[in-house]
Structures are given as structure tokens and as C-alpha cells.
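According to TrEMBL, the protein carries these features:
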{"type": "COMPBIAS", "residues": "1-11", "note": "compositional bias 'Polar residues'"}
{"type": "COMPBIAS", "residues": "29-38", "note": "compositional bias 'Acidic residues'"}
{"type": "DOMAIN", "residues": "163-542", "note": "domain 'Amino acid transporter transmembrane'"}
{"type": "REGION", "residues": "1-46", "note": "region 'Disordered'"}
{"type": "TRANSMEM", "residues": "169-188", "note": "transmembrane segment"}
{"type": "TRANSMEM", "residues": "194-218", "note": "transmembrane segment"}
{"type": "TRANSMEM", "residues": "239-261", "note": "transmembrane segment"}
{"type": "TRANSMEM", "residues": "307-329", "note": "transmembrane segment"}
{"type": "TRANSMEM", "residues": "349-370", "note": "transmembrane segment"}
{"type": "TRANSMEM", "residues": "382-402", "note": "transmembrane segment"}
{"type": "TRANSMEM", "residues": "462-486", "note": "transmembrane segment"}
{"type": "TRANSMEM", "residues": "492-514", "note": "transmembrane segment"}
{"type": "TRANSMEM", "residues": "521-539", "note": "transmembrane segment"}
Amino acid sequence: MKNSISDQSFYLESEEEDEEKELGRDGQGEEDNNESDSDNSLADDNLQQSKTGLYNTSWPQSYRQSIDLYSSVPSPSLTFLGTPTLSRLGSSFLSSSLTRRYTPEYLPSAAKPLLYNPEEEQLPPQRRSSLSLLAPITSRRSSVIRKDEKPSQVSHELPMSRQSSFGQAVVNGLNVLCGVGILSTPYAAKEGGWLGLIILLIFAVLSFYTGMLLRYCLDSEPGLETYPDIGQAAFGTTGRIFISIILYVELYACCVEYIILESDNLSSLFPNAHISMGGFEMDSHHLFALMTTLAVLPTVWLRDLSVLSYISAGGVVASVLVVFSLFWAGLVDDVGIHSKGTVLNLGTLPVAIGLYGYCYSGHAVFPNIYTSMAQPSRFPTVLLACFSICTLMYAGVAYMGYTMFGESTESQFTLNLPQDLAVSKVAVWTTVVNPFTKYALTMSPVAMSLEELIPSNHRKSHMYAICIRTALVISTLLVGLAIPFFGLVMSLIGSLLTMLVTLILPCACFLSILRGKATRLQGVACIIIIAVGIVSSVFGTHSALSKIVESFEQLKFRVTSPTTMATS
């Protein structure tokens, strides 16, 4: 099927190319020599497009469309899975994509390159600007653009996402980087000590550099637009699948964190909430985790998530509001013990490494932001602005939180704020509301990737998609209840997954794709960053797992102690 479609696309190209040559001969009087040259260039274009298609037909094909929700705000059209007629009326990018995937007349187009966007070809000087640091690479021809333009409109692309301004790109980057990780930076400062903040700065510099490496990889070959595309260009289909799985597991783990976050903060607001029916009892943590799951479940069923993307775009505002509340409580309301803190905690420093690493887990989205910019040449400035602002916020919150609460700092500083203060309520409720809008957007890429695996003869049935999404949501509840340690789970994610996505894989892909073109300095820098990532990952993962086991033992002791005392 793939071969027939590929042949069809080539046939369409040759027809359009012939028309162009006829027009050229009529207007300019060019003879057989020009025709021969055109035939040669057509063969080159076809070969190049064939190479491009190789990056876009492997699983997952839905990565671009799902991750693009982070970098654009489509027009709202509220529809659910299972209502394809209404969804056709919506102009939402995600709604139309799911409709096309489940509608028979669009299934043939699913075998075409879904991730390839020909409009990107209209900006070759900007997309190639980063390669001024590397050896020159043959540019792509604009004739392929015009010929491929119509098929691209049938695929899962969003035209408006190619027109992001500099300001929009910065806001999108901040919205990705400034997440729930900011709540745990005071806890990371407690675990690592004041000198541990140097690790935060080191990770900021390294993450900025690896973000630039992803740009070089995107510019190295035609058709590369996403992180999985880069993985395939570097290590073949195996690399694409491996990187995709890592990225999806990281997104899934973030959803688990949202469940734990909601449970902890709502329990702090309503500590006496519980359910007791006969012999069945549920404390506040389990109750609010279950309520959160029931609340987010319908949002995951949504076919069109553009309504949520409007709200979640305010994530930057929410982060600023929470930071403002912390500084107001410490400087104006004079809350806290104003501890001097510890200079360095070697024993728990690896936990801090994972927490600081988690703060810069935005590389999965950076390629999408880059390819969506109207002026891709300004991408380095976008990265610099995002990392500078986020690092200042992270360091400021870490300093203020650790100074205020000292060794009693919780995994989320909102749990330390006095409940009777107005700013505390603002901070806690902002923290509670924000994940409700982000949960579905975070889980959607995972769900859509699994829906691609549904056999083609069952894709018309929307019950499969609903069952997959429901199972994913319920599983995050079970994992969150099984490992209810927000800070330690975050440290584990940062050490095991973020180090791979942020430090190790960008360098490995860069060395594989641009070997022979990279400078010796770039090669040495990549090797050093890979070594730092591996060491940080090993020590951080071991420390996080050890702390989780220790926390389980302490939790078990607290549960069994009252029973033992009552029996005696």
C-alpha cells in the first residue's frame, strides 16, 4: 500500500513538472537542453522526497499533531469521541485529525507522510541558518513544495502553527518549561544544599546547548520536524521507536504526578475529608485522588482539546502567580523560620540532581516550536530567553522556599504555606486548578500513539479509543496511589527519563547525523554532556529508588504502629 501511494505521488509530480516545463518553453523559448535539465532535477526531487517520506511513515505518525497543541491555540469546537458528525463541523486541528483517522475516505492518506510539512520549505535560508557553523548541505527545491502542497492539507497539519512570532514562541517555551517542577525547587535545595544550586545552573547551560543541537539535526536533512524524526535519521526505525517510547513514558509519568499533586494539595485544604461506608474507609488522599481522576476523565475523552489549550496556555501566568504568592508570604507576611540551611548534603544530592533535571524537560517540544516559527533564525534567542527566565524563577523560588521553611520544606512548597493567609489560598488553588487543564493535553499524545496500533478494520469504532484513554487514566490513578511520593517520583522521572531526553539523546543523535561535519569541539562537548547525563542518571535513579523504598518502609511503620499499640 505504501508503495502504490508513493508511486501515485511521483506520478502526480511528473504531471505537474511537465506542465511547468511547457509553460517555461512557451514563455522563454527554452529547447531540449532545458528539458533535459528539468528531467534531471525532477529525478533528484523525487529521490529527495522519497527520502523524506521514510521519516514520516513509521509509528508514531500522530506525534506532530498531538505535541503541536503545546505550540499553537486552535479555534475551539467542543466535541467528544464517538460524535464524528459534529466533529466535522469543528475547525479544530485535533478534532479534524481524529475524524480523518477514523473516517474510511481518509485512511489512504494515513500512509502518506503525516509529519512532513511543505510550507517549511519556503524558508530555506532561515531553516539553514544554523548550518553556517557546519559544512554546507544541499538545499531542498521549492518545486517539491508546490507539488506536495495539496496532499499536506489532507494530512494532520495546522497551517497557523507555521506562523508563530518570536513572542509566541517564547511564551510557548515558557509554558513547557515552567511546570510543576517549580514547586519542588525548594525541596531540591534542601536535599542538595545551597551548593546544589550550581547543578541547576549547569543543567540550564547544558540543556540550552542540547536544544541547539536538536536544531542542527532538524536542519541537516529534509523532512525532519519532530524528535522521533531525529531519532529515525540517527538510528533508523529502532531509534524512532525508542525515542518515542521514552517521550511517551515521560508524558505518562507527568500525568501520574498531576494525580499525586492534586491529592496532596486538596488534602491539605480539606484534611478531614473521608468516606466511611460499612467496612470500607477512604482517607483524604485516596478520596481526592479518585475525585481528580473522575474529573479529568471526561476531558481525556474530548476529541477537540483546543478549549483546554486556551486555558492551559495560561500556565505561565499560573507559575508567576504561585511564585508571587511565595515571595509575598515570605517578604510581606514574614512567614517562615528564615533558616540558614545547609551548604551541601552529599547523601541526598542525587535526589536534587533528578529534581533539577526535571525542571528542563522541554526538549520533546522544542523541535515543534522551532518548525512552527515564522522566523526560525531567531530560535536561539527564544531558547536563551526561555532558559534565562525559567532559571531565574527556579533559583529564586528555591532560595526563598528553603530560606523560609528550612529542613521542614515539603516536596511542594504550597504544603508549607500557612492555610489562614490569602496568598496561601491563591497559591494552593492555582496549583490545584492548573493540572486539570493540562492533564488531557499531556495524556493525549500517549493515547493517540496507542490508537494508531488499532487494527484498521476496527478504527471506525470509537469505543476502542475511549477504552484506551479510560484505561490510561485509571492506570495513572493506580500508580499515583501506589507511589504517593511527589518529590521522589519527580526525581526518578528527572533522573531516568529527562536525562535521556534532554542530555544524552540530543548529543547521540547529533553525533550520528552530523558525523564528519561537526567540529572537534562540538564532538568533545557532546561526549562530555553524554557522560554527565549517564552519571547523573545512574546516581539519581539509584538514590530516588532507594528513597522510595525507604519511604514505603516508614509509611508501613506508621500504619502498623497504631494497630500494635491498640492490640497491646
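Every residue, even glycine, has its Cβ placed from backbone N, Cα and C.
Keep in mind it's a predicted model, so treat the numbers as computed, not measured.
In terms of C-beta pairs under 8 Å, the stretch of 239-261, 382-402, 462-486, 521-539 lying closest in packing to the transmembrane segment (194-218) is 382-402.
Within the chain carrying the transmembrane segment (521-539), a Cβ under 8 angstroms from the stretch's Cβ atoms is held by residues 202, 206, 209-210, 213, 350, 353-354, 357, 495-496, 499-500, 502-504, 507-508, 510-511, all 6 or more beyond its ends.
Within the same chain, residues 55, 58-60, 63, 179-180, 183, 227-232, 289, 292-293, 296, 361, 364, 412, 431, 435, 438-439, 442-443, 445-446, 449, 472-473, 476-477, 479-480, 483-486, 489-490, 493, 497-498, 500-501, 505, 509 sit at least 6 positions outside the transmembrane segment (239-261) and bring their C-beta atoms closer than 8 Å to a C-beta of that stretch.
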